[in-house]
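Handing you a structure now.
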Amino acid sequence: MGMTMTQKILASHAGLESVKAGQLIEVNLDLVLGNDITTPVAINEFKKFGVDKVFNKSQIAIVPDHFTPNKDIKAAEQVKYVREFSNKMGIENFFEVGEMGIEHCLLPEKGLVVAGDVVIGADSHTCTYGALGAFSTGIGSTDMAAGMATGQTWFKVPSAIKFILKNKPAKWVSGKDIILHIIGMIGVDGALYKSMEFVGDGLNYLSMDDRFTMANMAIEAGGKNGIFPVDDKTVEYLKEHTEKEWKIYEADEDAEYDEVIEIDLSTLKPTVSFPHLPDNTRTIDNANRVNIDQVVIGSCTNGRISDLRIARGILKGKKVKKGIRCIVIPGTQKIYLQALEEGIIKDLIEAGAVVSTPTCGPCLGGHMGILAKGERCVSTTNRNFVGRMGHVESEVYLASPAVAAASALTGKITDPELV
């Protein structure tokens, strides 16, 4: 029996001719990632190993993004601790506040991840880089520490679900709507410890930003990773962002999948995830008329330039409804600057939105948009668990930038076609 795309990447990095689902393997790592929340714990564990250097100064990336710019003294102390460790170890890819971004927007932009890589990160949404044809997955701080010390980690080889995406999506259907539809269909544990492998002619209509969004949310279906085949769009992106060499892996024709699911993208509608799980989805025609207090457009899921362009296209020349807070967070400094140069920021501010420096911020209930008791938020983020963005009696509705921007104008969940 042949191997899936994920299995081929893992076999190569384990120095094996082949692997099969359920097999325990040790692999060599191309990149180890941490942030301001998870890295301090990893540093503490690293110090217990009795080693005095990291395995490779250029293959570790540390991105303070959750509570930065520092929201309080505790956050400042954590970042200081991480900064001092990075300086001591000579880690080349520590991103200070002036050059930082939300980690999963920043690393592809900086060209640190390429097709064929194996990447681990002490953040659950590390699966984002599957959009580039890499195997990437979230791990805990202890595994991050071991990865920094040895350049290796172990995996149980995942089985896979193949998603065959067909046809062209309708006007307002984005990668966010597609992945919400999939999560709603299979459930938050529907791909538990499985590779979600996306194929089909529908990929021709999905931008790289759409793919980043979809791979990012693979974990919300329980997936070990989400991954896309490398095509012309991938290669164009890689050529623009990196000088690193990449390697293309393709699934064998006789690869074995636990399930094969076909999805006709032309039949999908804008989709909203209701509280308090990402799989509690409804199409926009069954989701409207829910009154809201706040809108957040940003995050590692939807903070890229195309997302801001979509929001601008809906909000330009209009006004955010009085009493509604509309918070826009570009994913990186580069995206922020590009949005400034394109006049996007000006149009958003004139519409009544507030624009933040890059940060995870409100997504995890950290800062820059926390919800009070009883408040509701339409957010382009990736999780809507109880208390995720603030008070345990607040509510988060996950949606695309188009739905979020339209909702900011009306003060209720709104189909972008209607504004």
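Placed from the backbone N, Cα and C atoms, the Cβ positions cover glycine too.
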What does Swiss-Prot list, out of CYS105, CYS127, CYS300, as binding the same [4Fe-4S] cluster as CYS360, CYS363?
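Same [4Fe-4S] cluster site in Swiss-Prot: CYS300.
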Give me the non-local Cβ neighbours of CYS360 ([4Fe-4S] cluster binding site): same chain, 6+ apart in sequence, Cβ-Cβ under 8 Å, ordered along the sequence.
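Set apart from CYS360 ([4Fe-4S] cluster binding site) by at least 6 residues yet with Cβ under 8 Å, we have ASP65, HIS66, PHE67, ILE102, SER299, CYS300, GLY366.
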In sequence order, which same-chain residues at least six apart have a C-beta under 8 angstroms from CYS363 ([4Fe-4S] cluster binding site)?
VAL296, GLY298, SER299, CYS300, SER379, THR381, ASN382, ARG383, ARG388, MET389
